[in-house]
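**Q** Questions regarding the structure given below will be posed in turn.
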Amino acid sequence: MMKLLVLACLVVVTSASQRFEDLGEEIASLSVDVLAFDAKLMDRVQHADERAAEMSWYTSRIDTMKGYGCKKDGELQCGGDKPKCISRLLICDKEKDCPNGIDESQCKIFTPVGSKWKAKFFDDTCTKRKPKEIIFTIEEYKVPVELLSYPEVKATGYVEASNDDFSYSTSLKLEGVMDLKPGNNRLYFNPPESDGLAIECIFNGVYDDHCHGVITYVTSGKPCAYFTMTKM
C-alpha cells in the first residue's frame with residue numbers, strides 16, 4: 001500500500017513538473033512573439049514617419065510644379081490651405097513668410113565642409129572621360145548675407161577612369177551654389193572644364209544622405225548623363 005502511495009505521488013509530482021516545464025516554454029514562446037510584435041510595431045511607426053515626410057515633400061513638389069501663378073524662377077508657392085507667392089530670396093532667412101512656414105522648413109546644410117560623396121554614373125552620352133564614379137569632397141560652404149537661400153559651395157571631384165588601352169586619374173575644382181528651394185534642394189556646380197557641362201544634384205528634402213543628379217549642357221540645359229550621389 002505504501003509503495004502504491006509513493007508511486008502515485010511520484011506520478012503527480014512528475015506530471016506537475018512537466019506542466020510547469022510546458023508552461024515555461026509557452027511563456028518563453030509568448031515572450032518571443034511579444035518582442036517580435038513590438039519590433040514590427042516600432043518599424044511601422046518609423047516607416048509611418050518616413051511616409052508622412054515623403055508625402056509632405058510630394059505635396060510641396062506638386063505645389064511648386066503647378067506654381068499657382070507664381071513666377072517660375074523668382075518666386076516660391078507656399079501651398080497649403082492659403083496659397084501665396086513669396087520671393088525666393090526670403091527662403092531660409094529665419095523668418096516664416098509662408099503661412100505654413102514651408103519657406104523655413106528645409107534649411108539644413110546638406111553638404112557640410114569635409115563631407116565626402118560618391119557619385120555613380122549611368123547613361124553617360126557626353127563626358128569625354130566616361131567615369132563610372134566620382135568622389136566629391138566639399139571644401140567650402142558659405143552663406144552670403146545678401147543671398148541666404150543660395151549658399152556658395154566649393155568642392156573637389158576626384159575622377160578615375162579606364163578603358164582597354166589606359167587608365168588615369170585627375171581632380172576637378174568645382175564652384176557653385178546650393179539652391180534651398182523646399183522640395184527641390186539643388187546642388188549646382190558650374191562647368192569645371194571647357195566642354196560646357198554643368199553638374200547638378202537634387203535632394204528631395206526628406207533624405208539628406210543622397211541625391212539624384214544629371215550632367216547638363218549649360219547652354220541648353222539638356223541632360224546628357226545621370227548619376228546617384230551618396231554620402232560616404
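Including glycine, each Cβ sits where the backbone N, Cα and C put it.
Since this is a predicted model, take the numbers as computed values, not measurements.
Among the features that TrEMBL reports, disulfide bond is placed at C92-C107. As annotated by TrEMBL, domain 'Annelid erythrocruorin linker subunit C-terminal' applies to 111-231. Annotation source TrEMBL lists signal peptide at 1-16.
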**Q** On average, what pLDDT score does this prediction assign to the domain 'Annelid erythrocruorin linker subunit C-terminal' (111-231)?
**A** 92
**Q** Just to confirm: which same-chain residues, 6+ apart in sequence, have a Cβ under 8 Å from the Cβ of C107 (disulfide bond)?
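**A** Long-range Cβ contacts: I91, C92, L180.
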